[in-house]
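In TrEMBL this protein carries:
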- 21-60: DNA-binding region (DNA_BIND)
- 84-195: domain 'CoA-binding' (DOMAIN)
- Gly95, Ala96, Gly97, Arg98, Leu99, Gly100: NAD(+) binding site (BINDING)
- 238-280: region 'Disordered' (REGION)
Amino acid sequence: MPADTAARRGIPDATVARLPDYLRALTDLMDQDVATVSSGDLAAAAGVNAAQLRRDLSYLGSHGVRGVGYDTAHLVAEIGARLGVGRDWSVVIIGAGRLGQALADYPGLTAGTFRVVGLFDRDQRLIGNAAGRLTIQDVERLAQVVRTSAGSSPGAAVANSVIGVIATSAEGAQEACDALVTAGVTSVLTFTHGHLRVPAGVHVRSVDVATELAVLAFRAQAERPAAPAPDPQLADRLAAVDATLLPSNDSGEDIGGAGVSNGVDEADGHGSTGERQGTR
Ligand SMILES: NC(=O)c1ccc[n+]([C@@H]2O[C@H](COP(=O)([O-])OP(=O)(O)OC[C@H]3O[C@@H](n4cnc5c(N)ncnc54)[C@H](O)[C@@H]3O)[C@@H](O)[C@H]2O)c1
């Protein structure tokens, strides 16, 4: 797909979410002076399958050269540019409760690409309190801080330079989101449950630890190795031993029965989940 076509169609969120993994893998390869890399090797380094990687990179207009692979330095520059690496982004957080304060103090958001420039709340009891290196401000001041951070005059677009984070209660989330939109913020990350209404052109992503855990649990369940099929000879031997040690027939049947039943259940459960995963 030509790059301009991909740009017009937009890159799927799932692809964008994988780009940092590709960038990390490519940077490692560059550090090892690897100039070109095959899709298979790059996919293995990034932990995805090769078809997925080729599809993802085709959205960037990068197809690699048959028999040669991808130019590592070119791809690093391409992905880095798409991800805004090397640019500074200001982050404003609304909701200065437990989560908001923890995020504001998170080292990954205090220096480098993303830097929290304001922590806001509507609770007058919190306003003015220190939270790490920041002072909690009245959410009424949000628009002013956003304008200052974007380095623009009032009314100018602040898209692409300020990201808003919502860490309020679920009940206060829409109000917080509206405040961000009014301030000109077009990229919003929310930790709250529930749908947020935003005008066209405003991008919202939500993070939910419980959902991520559920995905991991699902995969762990799907990938759990099936119990080995019972060995009929071994079962016979166990039954013989049981018969020697335990005179009761019931005991021997229980042991053998439980073993077989577990094996069948596990194999069935694994098979059906594996199929569902395979068709996703
Ligand atoms: N997604 C996740 O994985 C995840 C994990 C933990 C918490 N959460 C969610 O994050 C949110 C915050 O959690 P918390 O423990 O910090 O809650 P908290 O009650 O300690 O803090 C919420 C803060 O938001 C403020 N607030 C509410 N509405 C506001 C508004 N419109 N404008 C400005 N301030 C507003 C409140 O005054 C309060 O100080 C909750 O919705 C919680 O469910 C999500």
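FYI, residue positions are counted from 1 along the chain as it appears here.
Glycine residues also receive a Cβ, built from the backbone N, Cα and C atoms like all the rest.
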Lowest 10 Å Cβ neighbour count of the binding-site residues Gly95, Gly97, Gly100 is held by Gly97
Residues lining the NAD(+) site besides Gly95, Ala96, Gly97, Arg98, Leu99, Gly100 (CB within 8 A of their CB center) are Ile93, Gln101, Ala102, Leu103, Asp121, Ala167, Thr168
So Arg98 (NAD(+) binding site), by the Cβ count within 10 Å over all chains shown, scores 9
Between the binding-site residues Ala96, Leu99, the one whose Cβ has the fewest other Cβ atoms within 10 Å is Leu99
Per DSSP, the DNA-binding region (21-60) contains 28 helix, 2 strand, 10 coil
Taking DSSP H, G, I as helix and E, B as strand, the domain 'CoA-binding' (84-195) contains 35 helix, 29 strand, 48 coil
Whole-number mean pLDDT, the DNA-binding region (21-60), equals 92
